[in-house]
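Working notes, beginning with the structure itself.
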Amino acid sequence: MSMFCFQCQETAKGTGCTIKGVCGKTADVANLQDLLLYVMKGIAINSLQARELGIVRQDVDKFVMEGLFATITNANFDNARFVALVREGLALRDSLKADIVKAGGVLPANLHDSAIWTADSAEEFEQKAAQVGILATENEDVRSLRELLIYGLKGMAAYAEHAFALGYEDNSIFAFMMKGLAATTDDSLSADQLVALVLEAGKYGVDVMALLDKANTTSYGNPEITKVNIGVRNNPAILISGHDLRDLEDLLKQTEGTGVDVYTHGEMLPAHYYPAFKKYAHFVGNYGNAWWKQDKEFDSFNGAILLTTNCLVPPKDSYKDRLFTTSVVGYEGVKHIPAREAGKVKDFSAVIELAKTLPAPTEIETGEIVGGFAHNQVFAVADKVVEAVKSGAVKRFFVMAGCDGRMKSRDYYTEFAKALPQDTIILTAGCAKYKYNKLALGDIGGIPRVLDAGQCNDSYSLAVIALKLKEVFGLDDVNQLPISYNIAWYEQKAVIVLLALLYLGVKNIHLGPTLPGFLSPNVAKVLVENFGIAGITTVEDDVNLFMGA
């Protein structure tokens, strides 16, 4: 076994990748990610002690946030970047220890190895990485709970990073990241204590999504009902993918008046719903579908491509020289745009200059799709929605948020959407929408049957909408609403969304296309018995189950 990773839905055989990641990451990169996590656990241990002494280092918090984000599925495949991050982490950890001593603190004599181990060479890193991976925790249930917590923290870090880019942060979220990471080194914690920490992660998941919602809406306005073009124009263009709206804003400013159009891809589609971006005439529309189709769609786009966050798949040679990464994203041999300097826009001139020399996109479809149904927009038409429920025109809502992916079994979600009765409405967020957002599913009294709230973090909007409906209908429990949850997951942001929903009291969530490989039988049993978590079966049986047939 040259590596072990089971953090994503597509993990080999549903149990773990051991030679190379299904995502495309090499064993070297997987092991360095394990080592980076180990170093960050040591940083977290020291950070907790520093915080008790009133020492809060933003550089340390930012490093851990970005380090967690860099290890998310399909974010960074660059060996050299992880070697550099491990070195940076060790230096930050040791400077934090020096601050503790300077402030009169006494470092514990029995510090965990992650807080004291040090090395500098790539060879030493490789040796240590082999000792500190996931399987270093021998107890299957403890391992499962620790990894569930870590994957929740990774998703939390991603959302915190997006908010941070817009100038929004919350010290309590950073403090919990440290608490959670440090807890995964504590062998004295019982399974019940780890379960409690996992649920506490759900609380901070709600907090971080609320923070990001505030950051996005304060910066760019509240999403509104919007028709998005899916065709192309005959101009050179840049395709922007990922989730980072600040990067999009910088790119739109710099491309204005250059003759270069900008299109979104994948999870960047919901940017079109924000009022602030509608003033850009060269912001043309959305090109293509979910992340996993990029190997074909990046080819036919012809222009320059910018990856602001995950999801990146190992690029084909046919477009690799047109591809740029930024932020935590990386791939060996792909050009990387450095971080923005304080008070300045990020410099995308290299992307723009290349785009000018390239042909216009090849058209792959035409028409429009509709979205923008985040909480503020839905509240604006709340009377209509409530009346539709009271009159019986709408019998049930289906939350089908989450992720898309490569597996053929995900066609289930397309067929499920088609099979739902005409008196039902789908609430969605995340790239799971691409399984049904181009189907002609119609409307109910002018309300579209697919209401897209936005990116995966906008699952927060769906939770806010559910809580508002609970209030409007005078119910005691959110589970009394005519809402069913049939969620597709893929990576770690879906994990924090799930934990957030559990924290809010939502029960009977169906998760697919398979249950996470990192859930041990006993941990899965806890989730089933306490929260009603279930998998999916067939479209017909599941529709009948949800509709109470």
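Glycine is no exception: its Cβ is also placed from the backbone N, Cα and C atoms.
Look at CYS23 ([4Fe-4S] cluster binding site): DSSP puts it in coil. Long-range Cβ contacts of CYS23 ([4Fe-4S] cluster binding site) within its own chain (separation 6+, distance under 8 Å): CYS8, GLU10, CYS17, THR73, ASN74, VAL313. The [4Fe-4S] cluster binding site annotation in Swiss-Prot covers CYS5, CYS8, CYS17, CYS23, and the record cites sequence analysis as its basis.
Marked as hybrid [4Fe-2O-2S] cluster binding site by Swiss-Prot: HIS243, GLU267, CYS311, CYS403, CYS431, CYS456, GLU491, LYS493. Within the same chain, residues at least 6 positions away in sequence whose Cβ sits under 8 Å from that of HIS243 (hybrid [4Fe-2O-2S] cluster binding site) are ALA158, HIS162, GLU267, MET268, THR308, THR309, GLN455, CYS456, ASN457.
Under the heading cysteine persulfide, Swiss-Prot lists CYS403, citing sequence analysis as support. The C-beta environment of CYS403 (hybrid [4Fe-2O-2S] cluster binding site), restricted to residues of the same chain at least 6 apart in sequence and closer than 8 Å, consists of GLN9, GLY430, CYS431, ALA432, CYS456, ALA488, TRP489, TYR490, GLU491, LYS493, ALA494.
Here CYS311 (hybrid [4Fe-2O-2S] cluster binding site) is positioned 17 angstrom away from CYS5 ([4Fe-4S] cluster binding site), judged by their C-alpha atoms. Residue environment of CYS456 (hybrid [4Fe-2O-2S] cluster binding site) contains 29 other Cβ atoms, counted within 10 Å of its Cβ in all protein chains.
Taken residue by residue with DSSP, GLU491 (hybrid [4Fe-2O-2S] cluster binding site) is part of neither helix nor strand, so it is coil.
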